[in-house]
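**Q** Here it is, the structure, as structure tokens.
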Amino acid sequence: MRILLFANRTTKEIVRDPIAILFGLGFPIVLLLLLSAINKSIPVDLFHITELTPGIAVFGLSFMALFAAQVISKDRESSFLTRLFTTPMTSKDFIIGYSLPLLVMSIVQGIICYVIAILLGLSISTPMFIALALLIPPAFIFVSLGLICGTLLSEKAATGLSGALLTNLSAWLSGIWFDLDLVGGPFKTIAYALPFVHAVDMGKAAMSGQYSDIFPHLWWVLGYAVVLTVLAIVLFKMKMKAD
Amino acid sequence: MTTAIAINALTKKYGTKTVVDNISFTIKEGELFGLLGVNGAGKTTLIKMLSGLTMPTTGDATLLGKSVTQSPEQVRQVIAVSPQETAIASNLTVRENLELLAGIQGFNKEEGKRKADEMISQFSLQPFEKQRAKTLSGGWQRKLSIAIALISEPQILFLDEPTLGLDILGRRELWAQIEKLKEKTTIILTTHYLEEAEELSDRICIMKNGQMKALGTAQELIKTSKKTSFEDAFVHFVTEGDVQ
Ligand SMILES: Nc1ncnc2c1ncn2[C@@H]1O[C@H](COP(=O)(O)OP(=O)(O)OP(=O)(O)O)[C@@H](O)[C@H]1O
Ligand SMILES: [Mg+2]
């Protein structure tokens, strides 16, 4: 009951910021349209719609981290959260109430991304649905990262960090825009130590129908998802008990 | 009369600085207790410890028999706090703010609606009911922030400078509501308006540098200080020992 009330409120808080929604939904869609248009005139494998869509879908998720960080840091700075700490709300109510709407939005965003891709020529297939389902573990990563930023940092720092840094990180180190093999070296090593490129690679593997290629990427992503989710919960609980 | 709040040697230190220093007193059920002191005296810190937001460094307090250090979750079931800062959900409307908090405090949907109606009419919030909280003027945000605390019908209510930023009409409205609540609610009120404290409080505690300097009814404090007005009495207690 409390969880749903609070989740409902989180949703309203985010959805009523039209600029955020415009960016979060619009930006990935624009990229999808732009890159597939480029691909039409100069065909590049990387920008072929079946390769491109899983990448853009993961990139789109990074906006969820931004939204989460924004809502939570704003609640902290406006002392609304402090006030809620004096009510019967439990840490579970807070954490699920903050993250559930964002996880749902992640899936909605993924669906929108794939619908646009279908309009651009992607064929509806089982692999596509599997790729879509594979967005759920990375969604946990991004939402947890947002929760962590929002819990620890000021609104300015939280939105700055999760916005600029994270979107860039997930963009550059995810192999969406260029093949990491072409760069190689330490850059590639770092990229493969982080979850972003794994999230994209497993989506691409699913789309290609080579399901066995989803591994070991899925393990990386799940590992990061579990660790970050636990970390987010622990940090938030600590914040509740602070002082 | 039974005890609502029993404070036992409550102390809060930040680093080497003692902000609340070994405070002990009790508040009876249904009492309106005024907590006074100059800026930085430790009033808000004391309220934060009593409402489970801040852990005491040493000492303890029980609210209706529940300890703030042992069972803060149970304490949260019986209290409501109107914090010193205006604390509202800025993107929700006035009504949504009230219904959200009513729901969080355990009222069902209909009850929440009814309680929200009540608060909206008590605080004359009708014209702004559907307006986003962030678009209200400062004073109206303040009223909403207080209304949010009252909506849960708590057994113990903390009001930290509730009338800050309210115009005289708003203050009078609030005083009338506080008078009405007094019968069934234990209220701890901080304010810098001495006439407000004198008028409303059953008993008053004056704090200075985290310590309790005086405790009693306004009349008693005037008498002990050998002054003629409450304001003089207050100044006496907060400057005691200081060179004037
Ligand atoms: N988190 C904190 N860390 C360090 N010092 C703190 C912290 N919170 C409060 N203090 C200090 O504790 C002292 C008492 O603060 P408090 O807010 O309780 O005063 P107050 O009586 O409510 O004052 P005011 O009338 O200005 O609201 C101040 O000196 C303040 O700087
Ligand atoms: Mg204060």
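Glycine is treated like the rest: Cβ placed from N, Cα and C.
The feature domain 'ABC transmembrane type-2' is assigned by TrEMBL to A:19-239. Per TrEMBL, the feature transmembrane segment maps to A:20-42, A:54-73, A:94-122, A:128-153, A:160-178, A:217-236.
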**Q** Verify whether three or more Cβ pairs under 8 angstroms connect the transmembrane segment (A:128-153) with the transmembrane segment (A:20-42), leaving out any pair fewer than 6 apart in sequence.
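**A** These two segments do not touch.
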**Q** Could you pull out which residues elsewhere in the chain have a CB under 8 Å from any CB of the transmembrane segment (A:94-122), counting only those six or more residues past its ends?
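**A** Tertiary neighbours of the transmembrane segment (A:94-122) are 2-3, 5-11, 14, 24-25, 28-29, 32-33, 36, 49-50, 52-53, 56-57, 60-61, 63-64, 67-68, 71-72, 84, 128, 131-132, 135-136, 139-140, 142-144, 146-147, 232-233, 236, 240.
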**Q** To the transmembrane segment (A:160-178), which of A:54-73, A:128-153, A:217-236 is linked by the most Cβ pairs under 8 Å?
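**A** Between the stretches A:54-73, A:128-153, A:217-236, A:54-73 has the largest tally.
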**Q** In the same chain, who gets a Cβ under 8 Å from the transmembrane segment (A:217-236) while lying at least 6 residues past its ends?
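**A** Apart from its flanks, the transmembrane segment (A:217-236) reaches 91, 94-95, 134, 137-138, 140-141, 144-145, 147-148, 151-152, 194-195, 198-199, 201-202, 205.
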